[in-house]
Amino acid sequence: MNKGPRHRPKFLSKKGKKLRIMVAGSSYTSYQACINSLCSKQILEAETEIDPLKAHIDRILEIREFNADILEDEFHVDLTVIEVNGFGDKIDNSASFEVVTHYLESQFDQALIEESKIKRNSKFTDTRVDALLYFIAPRGHCLSEFDLEAMKRFSKRVNVIPVIGNSNAFTEEELKNFKDVIMKDLKQCNIKVFDFPWDPEEDEDEVIEDNKRLWESVPFAVSGGVSEEDEEGYQRIVKKFQWGTFVIDDPAHSDFLNLKTVLFISHLDILKSITKQTYYENYRTEKLSNDSPSNTSLSLQKQNSIVANEDKRSVNGSERTETRSSIDQSEMRTNVSDSTKSEELKKINSIKVDNTSSLKCDSYGNTKTKTNQLNCEQIGLEVISPKEFPHRTTSSRNSLPNNTTKELEMKKMDDLSHERYENLPFYR
């Protein structure tokens with residue numbers, strides 16, 4: 001009879017190796033009791049009592065974390081158990097996939113953000129999930145569509161380890177047949193679970209044989225129980241029934257010891273390495289490739305244009321101020337000139353109104369008024385009539401017409417004195 005794990009480390013770490021495992025499965029699998037038995041302490045609490053008044057209400061899907069420091073003779077592990085409470089307990093469980101997948105990807109996002117920083121945080125806590133224990137209900141026929149879809153989605157982001165809960169419900173032959181059906185369904189649906197990889201060129205023969213034996217045990221058939229001493233004084237995890245006692249950590253009864261060895265001793269580092277080098281790198285590649293270069297270039301061009309516009313605003317701010325001041329000054333001058341012109345136009349219009357209101361004829365038949373003359377004197381204009389224009393000799397502009405008139409008068413007098421009437425138009 002196997003009393004414990006086969007793999008024993010050479011030394012134990014004082015702080016314990018960090019391990020983060022997620023547990024998903026319906027409440028009918030009794031996964032809480034199994035996890036408590038693996039950790040040898042009470043971590044998860046199963047709901048043994050159900051309120052009849054709330055039995056018809058769907059349970060809320062919750063993701064809860066529990067920490068436990070597990071120290072035994074063979075290992076020391078700083079364990080974090082992530083429980084998906086209420087998984088698969090609803091009538092419609094379609095939204096459960098997205099909740100779990102979003103949680104797994106969120107842990108990758110945190111690592112990606114920290115990795116892209118120029119100055120990284122030395123105290124950054126890696127929260128990526130190293131393994132997911134998917135508990136399968138002991139139906140005995142085949143995997144449900146829900147189980148197949150769940151493992152297919154989760155296997156893209158984490159190491160999925162299928163586990164049969166409450167395996168004590170099967171006989172030895174029934175359990176073997178159920179395992180064969182599960183592995184056949186996984187293969188037909190191309191669902192990749194943790195397959196205990198080995199390298200024939202690097203790994204020793206003993207390691208290869210152990211990995212093959214563990215792979216043949218998948219899915220692991222386990223149950224939960226309580227610890228008590230047997231007749232020989234060994235601490236055993238048992239589950240008592242009326243027909244007898246089911247020894248959980250007996251390899252002849254269940255795969256409990258194999259699962260415990262895989263998680264805490266033999267494959268702990270391998271699980272963490274595959275999480276970082278395979279699942280995280282695949283997610284990182286998908287995340288960066290989804291950001292198309294065209295969108296990235298457009299966003300960069302937009303940012304550059306915004307920066308250029310800001311620079312132009314800062315550089316040309318003074319020029320716009322000077323231009324605006326010059327425009328204001330020109331507008332002021334224009335307003336002054338416009339106001340002056342408007343005043344003159346008002347005066348001229350007032351003159352026209354006065355002329356039309358009170359018209360008088362002078363001795364030459366011209367229309368003159370005192371107001372007209374007064375307004376003309378105010379604006380500096382000289383108003384004369386056509387009849388008095390030839391008789392004006394004071395102005396230099398009238399010198400040419402006055403001289404011409406005198407010559408014509410003298411010529412007329414000469415023609416009359418010599419009786420040259422043909423030159424006089426009024427004698428023809």
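Keep in mind that glycine also has a Cβ here, set from the backbone N, Cα and C atoms.
Among the features that Swiss-Prot reports, domain 'Septin-type G' is placed at 15-290.
Taken from Swiss-Prot, the feature GTP binding site covers 25-32, GLY86, 166-174, GLY224. The DSSP secondary structure for TYR31 (GTP binding site) is helix. Listed in sequence order, VAL23, GLY25, LEU44, LEU133, PHE135, VAL163, GLY165 are the same-chain residues six or more apart from TYR31 (GTP binding site) with CB atoms under 8 A from its CB.
Sequence-distant contacts of the region 'G1 motif' (25-32) (same chain, at least 6 residues past either end, Cβ-Cβ under 8 Å): 44-47, 84, 86-89, 133-138, 163, 165-166, 223-224. Per Swiss-Prot, the feature region 'G1 motif' maps to 25-32; the stated evidence is sequence analysis.
Residues annotated as region 'G3 motif' in Swiss-Prot: 83-86. Per DSSP, the region 'G3 motif' (83-86) is made up of 0 helix, 3 strand, 1 coil.
Mean pLDDT, taken over the region 'G4 motif' (165-168), works out to 89 on the 0 to 100 scale. Feature annotation from Swiss-Prot assigns region 'G4 motif' to 165-168; the stated evidence is sequence analysis.
Look at Swiss-Prot and you will find 287-345 (among others) tagged as region 'Disordered'.
Residues or ranges marked as compositional bias 'Polar residues' in Swiss-Prot: 290-307 (among others).
As annotated by Swiss-Prot, compositional bias 'Basic and acidic residues' applies to 309-325.
According to Swiss-Prot, the compositional bias 'Polar residues' annotation covers 326-339 (among others).
If you look up Swiss-Prot, you'll see 387-414 (among others) marked as region 'Disordered'.
Positions annotated as compositional bias 'Polar residues' by Swiss-Prot: 392-405 (among others).
Note on the binding-site residues GLU172, GLY224: the fewest other CB atoms within 10 A surround the CB of GLU172. Listed binding-site residues: ASN166, ALA169; maximum Cβ neighbour count within 10 Å falls on ASN166.
Just so you know, the Cβ of GLY25 (GTP binding site) picks up 26 other Cβ atoms within 10 Å once every protein chain is counted.
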